[in-house]
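Notes for the one structure printed next.
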Amino acid sequence: MPRLSEVITALENLWPAERAESWDAVGTVVGDPGQEVSRVLFAVDPVQEIVDEAVKLGADLLVTHHPLYLRGTTTVAASTFKGRVVHTLIKNDIALHVAHTNADTADPGVSDALAGALDLRVVGPLVPDPTDPEGRRGLGRVCETDQPLTVRELADRAAARLPATAQGIRVAGDPGAPVRRVAVSGGSGDSLFDHVRAAGVDAFLTADLRHHPASEARAQHPLALLDAAHWATEWPWCELAAAQLDEISDRHGWGLRVHVSRTVTDPWTAHAASARPSSSTTAPPGNAPSAPSEPDSPGAPN
Ligand SMILES: [Zn+2]
């Protein structure tokens with residue numbers, strides 16, 4: 001059985017901490033390097049629900065995409081929600097390790113997993129990492145579709161393949177427009193519009209698109225926008241990362257049991273469709289607005 005320090009070294013090889021953005025807080029948050037590890041859980045968010053799941057599972061290590069603490073803190077008192085997370089982890093001998101922007105820009109990284117879930121062929125990074133001589137690392141991915149698709153078909157595919165959330169997929173643009181080239185970026189993507197325009201894509205799939213950047217991007221360029229829940233765009237990375245650690249475990253004969261949390265930690269839990277939607281990419285004309293989706297049962301992507 002490997003020590004935590006050995007597993008962390010393997011994770012650091014996949015996602016070196018020095019490749020994280022300067023504002024980010026990645027690496028090991030909780031954990032004794034000498035403790036043994038037999039069971040690992042991957043999740044997007046280090047929230048209490050996920051930590052409770054790790055306890056129930058008997059995990060020794062929780063690996064999350066989002067940091068627990070991004071800025072400095074002066075307390076881990078259990079009366080604060082993050083402090084309670086720390087207490088639960090330590091009391092149950094569970095380590096916490098974070099791979100955030102260093103996993104975003106990795107090869108393969110968060111947006112490769114998102115593209116893979118949608119059967120999109122990755123052509124290259126949307127924002128290449130200038131320190132990578134091979135030009136494979138970077139933020140977001142430019143992709144090509146496996147077959148000719150319309151915006152509506154791409155949105156339906158994203159809705160079907162990404163885990164279910166209350167939001168589903170919001171779409172801007174002509175649902176019948178053809179899509180061959182797509183930019184994808186897991187997590188918040190509206191700071192990337194200049195790169196998306198430069199990439200000459202037909203559509204951009206990401207999360208957290210705000211009114212003004214989305215509106216301006218559409219006014220400047222005939223681009224379809226597909227906006228999914230932030231959590232849903234990053235969740236496929238958990239499966240990719242778990243498979244990577246599984247492979248390393250096999251190679252070293254560690255016998256790790258590696259799990260992926262299916263708990264939906266998207267903060268939005270319900271969706272009410274407008275009484276008279278002006279247009280829809282999913283419902284045929286004349287259909288009643290769809291019922292709110294059930295956020296507690298993520299669809300298995302593939
Ligand atoms: Zn994120």
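Any Cβ shown, glycine's included, is placed from N, Cα and C.
Unlike curated entries, TrEMBL annotations are predicted automatically.
All protein chains shown were included, and the count of other CB atoms within 10 Å of the CB of His65 (divalent metal cation binding site) stands at 25. According to TrEMBL, the divalent metal cation binding site annotation covers His65, His66, Asp104, His230, Glu234.
Marked as region 'Disordered' by TrEMBL: 267-302.
Residues annotated as compositional bias 'Low complexity' in TrEMBL: 269-285.
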Query raised in the report: Other residues with Cβ within 8 Å of the Cβ centroid of His65, His66, Asp104, His230, Glu234 at the divalent metal cation site?
Result: Val44, His100, Ala103, Val110, Gly186, Gly187, Trp231, Thr233, Trp237
Report summary line: Out of the binding-site residues His66, His230, the residue with the smallest number of other Cβ atoms within 10 Å is His66
Report summary line: Close in space but at least six residues away in sequence, with Cβ under 8 Å from that of Asp104 (divalent metal cation binding site), the same-chain residues are Val110, Ser111, Leu139, Gly186, Gly187
Query raised in the report: How many other Cβ atoms sit within 10 Å of the Cβ of Glu234 (divalent metal cation binding site)?
Result: 24
